[in-house]
Each structure stands twice: as structure tokens, then as C-alpha cells.
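Here's the structure, in C-alpha cells; my notes come after.
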Amino acid sequence: MKFLYLFLFAVFAWTSDAIVRIPLKKFRSIRRTLSDSGLNVEQLLAGTNSLQHNQGFPSSNAPTPETLKNYMDAQYYGEIGLGTPVQMFTVVFDTGSSNLWLPSIHCSFTDIACLLHHKYNGAKSSTYVKNGTEFAIQYGSGSLSGYLSQDSCTIGDIVVEKQLFGEAIKQPGVAFIAAKFDGILGMAYPRISVDGVPPVFDMMMSQKKVEQNVFSFYLNRNPDTEPGGELLLGGTDPKYYTGDFNYVPVTRQAYWQIHMDGMSIGSQLTLCKDGCEAIVDTGTSLITGPPAEVRALQKAIGAIPLIQGEYMIDCKKVPTLPTISFNVGGKTYSLTGEQYVLKESQGGKTICLSGLMGLEIPPPAGPLWILGDVFIGQYYTVFDRESNRVGFAKST
């Protein structure tokens, strides 16, 4: 019996004390910030395909560039440090991309987005190493560009040595001006990393900085409580979920891509009838899918299209909306109307918006569904690089 107690204590210690915890704060998305300012987001993005971007540029031996999503709806960020002594930055921990980039002290004085955010200064770091390789991420509104540098990267209690990252000297359009975060820390696979830069978590694994090669996200969907969530490096925390994790294999090691068996909207509509692919993406607030299917879904729940690609729902009808169910790995993950409808303040009034949006992701990467924060907020999610799988458990 004493041995059993010791064993249980060891297991609990791994799930709670051996992991590194990064608090996440929730902020108002770029889309909502621009809308609050009276700017027409659709006009700003006209011809840009909603700031879609390519991650991973072609070379003689590189994969085809893949169009994914934007950061217009990102809502959670946390802090990291770069250099010695540490320079602090806020970043979106994004499982839908693989690069770390931050604004550079050398950005142009005409780059307003850069001027409004924290900037990395290699001259103030004793561990900085010049690299100089040019990098660029193609957004619809232009190219975010700069050059690579190397320095130590501090995340919680972990110090990743010799991390390559992008110093951004040019940020496109107005979108990043309104961003509450300084940069992006990608947590997807190396395959989609621009310039073949090893992602931060890959460096953690190779330097044996984590107990287990997994990380997990808890996203708090209650806007009145703090913290906004937590990123756990090296494990999971039982206080954030009930029951057991159900795991599904990663079908393509680029994004955190999984197979979805189907979707249903109450008894009214079935989507993804022959199965489809989805990616699990912490950098996207909404759930997105092929536009034609999402339009059918919005019609089924009685949503009214707005000019910005969003859909509005009568707040009085939210409690009676049909349940949306996602069938993944033989399990059904359901969202009620209260869970997939977003309540926003606009002009002093509360409006209800659908948490789903159409997004065209063409072949060869797409079509894809994106399970963003609307989904992850209800299902605590673990990303397992050891076994290349994703696990879901009901959030507490």
C-alpha cells in the first residue's frame, strides 16, 4: 500500500509540478478592435483573402507553400523573453504556424505597427548571435519581412539556447497596428517553418528541456475571470478536465492536422459527409471551414450575414439553437448555442455573433476545417509530439 501511495504521488507530481506553466491573457481581437474604431474590416482586407498567409516557401527540397489563416481573430497571448538579460514580449502561442518572430529595433520609422510594440535589440544581449538570413511571411496585404537572428529564448522556467527567430523590420497593412501582441511563437511541425528554422518546441525537445514531449492548452471561456488560460509545457493538469483524454493521430505532420469523420447540426444538417481534414489551431479564435459548407451551417442556425464575413444571431434565440457535433476518432464533441455563439459589445449594445466563419484553403493544403479557440475552450487539448497525436478531454 505504501508503494501504491508513492506511485500515485509520483504520477501527480509529473502532471502538476514537473510541467512549466505559462499564463495566458485574453484580449480583444484585431477584428473587434478595428470594428470598434469604425473601420470596415472587409474593405481593409479587400483583395487580400482575409490576410491569409503562406507558411513555408518553396525551394528545391521544400514543401509547397500552404495557405492557412490570419490573426484577425486571435485572442490569447502570453509572455516570453529573449536575450541576456531578458527582453520581454507578448506572443500568440500558435499551433497553426512554426516560426517565432518579433519586431526588431531596426524596423523602419514608417512601420507604425513596429513603433507601437516592444522591439528586440540584439545589441543589448550578451547571448545574441548574428545570422542575417532574410525571411518573409507572405500575408495578403503584403510581406512581413526581416532577417534571422539567434539568441536564448526564455519561456517560464525554461531557457532555450541558440534559438533562431525572425526579427521583423516590415509588417504589412494596418492589422498588426491594432494587435495587442508583439509577435508569434509557432508550435506546429518543422515542415511548415519558413527558412527551415527549428521551431521553439523542437529546440526544447532536442535540448531535453521538458519531461515529456507534449504541451497542452487550457482556454478559459469565461470573460469575467482570470487567467484567460494556461499553456502547459511537458504535461497536462487534471484540474482542467474531467474524464479521460481521447487521442487521434496526426494525419499530416505540418499543422496539427487530424481526420474528422463528420459534423452534424442538430438533426437538420450533416457536413463533412465522407470525412474531412481539420487542424487544431490555438492561433484562431473561431471555427472555420469551407465557405459553402459554413454558409449552409449558418442558414441552419438562423444566422444573418454581415458585411465583414461575420454572422449575427438573435441573442434571444441562443438557448434554443441546435447543437453542433464534431465526430472525431469515434467520439462526438458537441457545442451548444451558448458555446459557439460569441457575445460582443458594439455601440453600447450586446450583439451575438456566430463563432464559425467560412475560410477557403485551396489544395494541396486544403480544404480544411480549423478547430480554433471556440472548440479548444470547451475541450482541453494536448499536443503530443512523442506519439504524434492530439488529445481532447472535456474542460472543467
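Note: Cβ is positioned from N, Cα and C throughout, glycine not excepted.
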For C276, what is the disulfide-bonded cysteine listed in Swiss-Prot, choosing from C272, C315? C272
Given C352 (disulfide bond) and C114 (disulfide bond), what distance in Å do their CA atoms have, once rounded to a whole number? 33
Candidates D94, C114, N131, D281, C315 (recorded positions); nearest Cα to C272 (disulfide bond) turns out to be D281
Expressed to the nearest Å, what is the distance separating D94 (active site) and N131 (N-linked glycosylation site) at their Cα atoms? 24
May I ask for the distance between C114 (disulfide bond) and N131 (N-linked glycosylation site), taken between their Cα atoms and rounded to an integer number of Å? 21
